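Visitor: Here it is, the structure, as structure tokens.
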Amino acid sequence: MADELDATIYYDDDADTGYLDDATVAVIGYGSQGHAHAQNLNDSGIDVVVGLREGSSSRDAAKSDGLSVATPPEAAAQADVVSILVPDTIQPTVYDQIENELDAGDTLQFAHGFNIHYNQIQPSDDVDVTLVAPKSPGHLVRRNYEADEGTPGLVAVYQDVTGDAKDQALAYAKAIGCTRAGTIETTFREETETDLFGEQAVLCGGVTSLVKQGYETLVEAGYSEEMAYFECMNELKLIVDLMYEGGLGEMWHSVSDTAEYGGLTRGDRVVDDHAREQMEAVLEEVQDGTFARQWITENQAGRPNYDQIKTAEENHEIEAIGEELRGLFSWADE
Ligand SMILES: NC(=O)C1=CN([C@@H]2O[C@H](COP(=O)(O)OP(=O)(O)OC[C@H]3O[C@@H](n4cnc5c(N)ncnc54)[C@H](OP(=O)(O)O)[C@@H]3O)[C@@H](O)[C@H]2O)C=CC1
Ligand SMILES: CC(=O)[C@](C)(O)C(=O)O
Ligand SMILES: [Mg+2]
Ligand SMILES: [Mg+2]
């Protein structure tokens, strides 16, 4: 355990999958996280059953991956740990379907704290409630596990009636590969707020806005779409890979002095004080529940705004030129 840092971080040696040896884990959902957790748990020797609704389009995939499949209530009835890995706004409905199948001492496990933190799910007081949240998209949780690597994660306990909630959560984190890379102990509130902020202001929202703005600036100045795509989208991965491997310094070391000087003197003009004020406003809307209420209301209304902005994003010209160019990479499937 690395405790000389501010946070308490757990690694493989700090976790014992023995806490899941006699348990069955129901993974409800087989999407981005669900397919990864279910397969990683299974490959780690944990007894897994996948819970999917009747007629689910994911049933064939789960079965072809060698996993047993049941409906969410059936899976929960068989399980000692129920991992809720369906979309956040669906979870309260799915919880209603399974809550009567939970026995005293079972565990309700999440990969994001949204529904507990914003009181959308009030779990019964006789079950453990835990969180193991990979800091990674689900498909890389699986890919890294198969490569004998891992993805960092967060672990939290909301309710511990058995006395083993944290040890069992660490066993789960180890079985999906998170303690290979490090799993930070936190709370449902901290995970929820930092995850929502990070995906909105940096990882998903901020970065894609930066890419699109850069692309549009070049194209509107008369440069070709191809040039703008390779400069502002394709090369971003190559730059971020270096940051991932060795920090900002690794990237600055690898790029030219010209790029380093230009980046260090112009970067804060683009992502400036106004951007920082907006980041702080975005965080405040996460903390005071404004975002959660907006997202819940949006779903209750049938996602009219979400569908509209999602369609506009899909139709952004960078997507078309990108698909065309990626298809021409020498290694692309012919
Ligand atoms: N995506 C990610 O990388 C990350 C996600 N998380 C968290 O993990 C959890 C799961 O997210 P994610 O994996 O993205 O979810 P997905 O959107 O990938 O979940 C899809 C799964 O949910 C099922 N599903 C969808 N709607 C329903 C429904 N109405 N009833 C029953 N099942 C339904 C689908 O089944 P069907 O095939 O039948 O449609 C499918 O199996 C969330 O809490 C999320 O915040 C945390 C970290 C990262
Ligand atoms: C992949 C991840 O960590 C996110 C962005 O938080 C999510 O998909 O919710
Ligand atoms: Mg996240
Ligand atoms: Mg998230």
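For all residues, glycine too, the Cβ spot is worked out from N, Cα and C.
These came from TrEMBL, pasted as-is:
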type: DOMAIN; residues: 7-186; note: domain 'KARI N-terminal Rossmann'
type: BINDING; residues: Tyr30, Gly31, Ser32, Gln33, Arg53, Ser56, Ser58, Gly138; note: NADP(+) binding site
type: ACT_SITE; residues: His112; note: active site
type: DOMAIN; residues: 187-332; note: domain 'KARI C-terminal knotted'
type: BINDING; residues: Asp195, Glu199; note: Mg(2+) 1 binding site
type: BINDING; residues: Asp195, Glu231, Glu235; note: Mg(2+) 2 binding site
type: BINDING; residues: Ser256; note: substrate binding site
Visitor: Running a distance check here. Ligand 1 versus the binding-site residues Ser56, Ser58, Glu231: which have CB less than 6 Å from one of its atoms?
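Guide: Passing the 6 Å Cβ check against ligand 1: Ser56, Ser58.
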Visitor: At the level of the C-alpha atoms, what whole-angstrom distance separates Gly138 (NADP(+) binding site) and Glu235 (Mg(2+) 2 binding site)?
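Guide: With the alpha carbons as reference points, the distance is 23 Å.
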Visitor: 10 Å Cβ neighbour count around Glu235 (Mg(2+) 2 binding site)?
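Guide: Taking every protein chain into account, the count is 11.
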Visitor: Validating a neighbour-count step here. Other CB atoms within 10 A of the CB of Tyr30 (NADP(+) binding site): how many?
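Guide: Summing over all protein chains shown, Tyr30 (NADP(+) binding site) has 28 other Cβ atoms within 10 Å.
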Visitor: Can you tell me which of these binding-site residues sit near ligand 4, meaning the Cβ is under 6 Å from at least one of its atoms: Tyr30, Gly31, Arg53, Ser56, Glu235?
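Guide: Among the binding-site residues listed, not one has its Cβ under 6 Å from ligand 4.
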Visitor: Treating G and I as helix alongside H, and B as strand alongside E, what does DSSP give for the domain 'KARI C-terminal knotted' (187-332) in helix, strand and coil?
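Guide: Residue counts in helix, strand and coil order: 124 helix, 0 strand, 22 coil.
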Visitor: Fewest other C-beta atoms within 10 angstroms of its own C-beta: which of the binding-site residues Asp195, Glu231 fits that?
Guide: Glu231
Visitor: Using the alpha carbons only, what distance in Å do you get between Glu199 (Mg(2+) 1 binding site) and His112 (active site) once rounded?
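Guide: Cα-Cα distance, Glu199 (Mg(2+) 1 binding site) to His112 (active site): 12 Å.
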Visitor: Roughly how many angstrom lie between the C-alpha atoms of Tyr30 (NADP(+) binding site) and Asp195 (Mg(2+) 1 binding site)?
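Guide: Per the Cα atoms, Tyr30 (NADP(+) binding site) and Asp195 (Mg(2+) 1 binding site) stand 21 Å apart.
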Visitor: Select, from Gly31, Gly138, Asp195, Ser256, each of the binding-site residues with a Cβ positioned under 6 A from at least one atom of ligand 3; if none does, say none.
Guide: Asp195
